[in-house]
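Asker: Feature table excerpt (TrEMBL):
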type	residues	note
DOMAIN	3-293	domain 'Glycoside hydrolase family 29 N-terminal'
SITE	CYS222	site 'May be important for catalysis'
DOMAIN	304-392	domain 'Alpha-L-fucosidase C-terminal'
Amino acid sequence: FFRWYWQKEKRAPYVRFMEANYPPGFKYEDFGPLFTAEFFDPNQWADILKASGAKYVVLTSKHHEGFTLWGSKYSWNWNAVDVGPKRDLVGELATSIRNRTDLRFGLYHSLFEWFNPLFLEDATHVFKTRMFPTSKSLPELYEIVTKYQPEIIWSDGDGNAPDTYWNSTGFLAWLYNDSPVRDTVVTNDRWGVGSICKHGGFYTCSDRYNPGHLLPHKWENCMTIDRQSWGYRRDAKLDDYLTIEELVKQLVETVSCGGNLLMNIGPTHDGRIAAIFEERLRQMGAWLQVNGDAVYATRPWRAQNDSAAPGVWYTSRPAEGKVYALFLNWPVSGTLALGEPRATLGETEVRLIGHKALLKWAALEEKGMVVALPQLSLKQLPCQWGWALQMTNIK
């Protein structure tokens with residue numbers, strides 16, 4: 001978004017920064033050769049992503065400024081093979097992900113480009129002409145699907161144009177019927193004005209979307225570890241990054257309401273995942289290693305969060321008769337009072353995930369129960385930032 005703020009909105013801090021630090025007449029295109037990626041190690045990226053506990057990864061193959069991270073035939077001299085790194089970054093990461101992990105490989109692709117003259121020309125004709133999608137955007141989409149076979153296509157940036165301008169239905173028909181990934185691919189909901197949160201394999205609805213209640217359609221909370229940015233900011237302060245406690249809270253709330261969490265990081269121009277992002281990813285992976293049973297392949301329960309206890313969210317595995325209560329704060333009293341579960345004496349069993357012994361509990365009069373948590377030292381706790389009870393034979 002730097003380019004938009006600097007050249008289109010002409011925000012004073014951005015204009016001043018460029019005037020103070022770059023020679024007169026410096027154009028955005030001059031950043032191309034400065035994007036060097038000399039430290040980009042796709043194997044290292046793959047190992048970090050695997051350690052995060054993620055099940056899929058989505059790489060931004062092209063954002064709204066049009067630079068493609070692969071050597072696109074349709075983006076002459078404005079791609080990572082011709083300029084800057086002189087490497088096929090999409091292909092290298094795809095190979096490493098597939099060789100070293102079980103993650104599904106996905107690609108983000110921006111339909112429109114802020115400053116592309118063909119797009120701007122179409123816009124002046126109120127999108128009655130279609131020079132840009134036919135010569136640039138659609139050919140790129142066919143190219144990345146055929147070449148890299150991504151199993152998630154994360155479309156974005158409709159440029160205020162309808163899906164008919166983009167021929168989204170034509171592309172999606174090919175994708176789901178004839179493409180090399182037709183049997184495994186999933187797509188989001190950003191395919192033209194009015195399609196978001198209405199059409200798509202999964203809904204995104206808006207950036208950083210976390211409704212806090214169950215949605216009738218599969219959805220994704222696509223958010224950033226840096227509260228303010230999707231890219232890497234050299235001037236970011238520690239407070240700008242979400243803590244692991246805040247990230248676990250986002251994950252728990254999202255999964256309880258039937259969503260997936262897409263947690264964005266911004267790599268550096270020289271190709272690194274900054275240490276702060278690596279730490280957050282590895283922390284999330286450590287948490288999921290303990291509590292993954294309460295997250296992966298679970299279904300929303302009849303209640304998403306608890307009526308009596310704040311900060312308690314539910315997931316379930318109906319086929320196994322298991323309900324999980326994920327709680328974000330360890331109670332000082334050592335007991336957790338839950339308003340939603342109905343327990344049966346002699347049948348209901350409660351465990352703390354990561355701790356062996358069964359827990360004692362007592363039913364409350366109307367509904368609900370009180371669970372006695374084990375008395376554990378900090379070192380004995382199964383994890384540090386949120387815990388999960390596994391309950392069987394709960395009504």
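Positions of Cβ are set from backbone N, Cα and C atoms, glycine also.
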Asker: Could you list the residues of the same chain, at least six apart in sequence, whose Cβ is under 8 A from the Cβ of CYS222 (site 'May be important for catalysis')?
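Answerer: Expected: THR204, ASP207, ARG208, TYR209, LEU262, ASN264.
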Asker: Determine how many residues of the domain 'Alpha-L-fucosidase C-terminal' (304-392) DSSP places in helix, in strand and in coil.
Answerer: 3 helix, 36 strand, 50 coil
Asker: Averaging the per-residue pLDDT over the domain 'Alpha-L-fucosidase C-terminal' (304-392), what integer do you get?
Answerer: 95
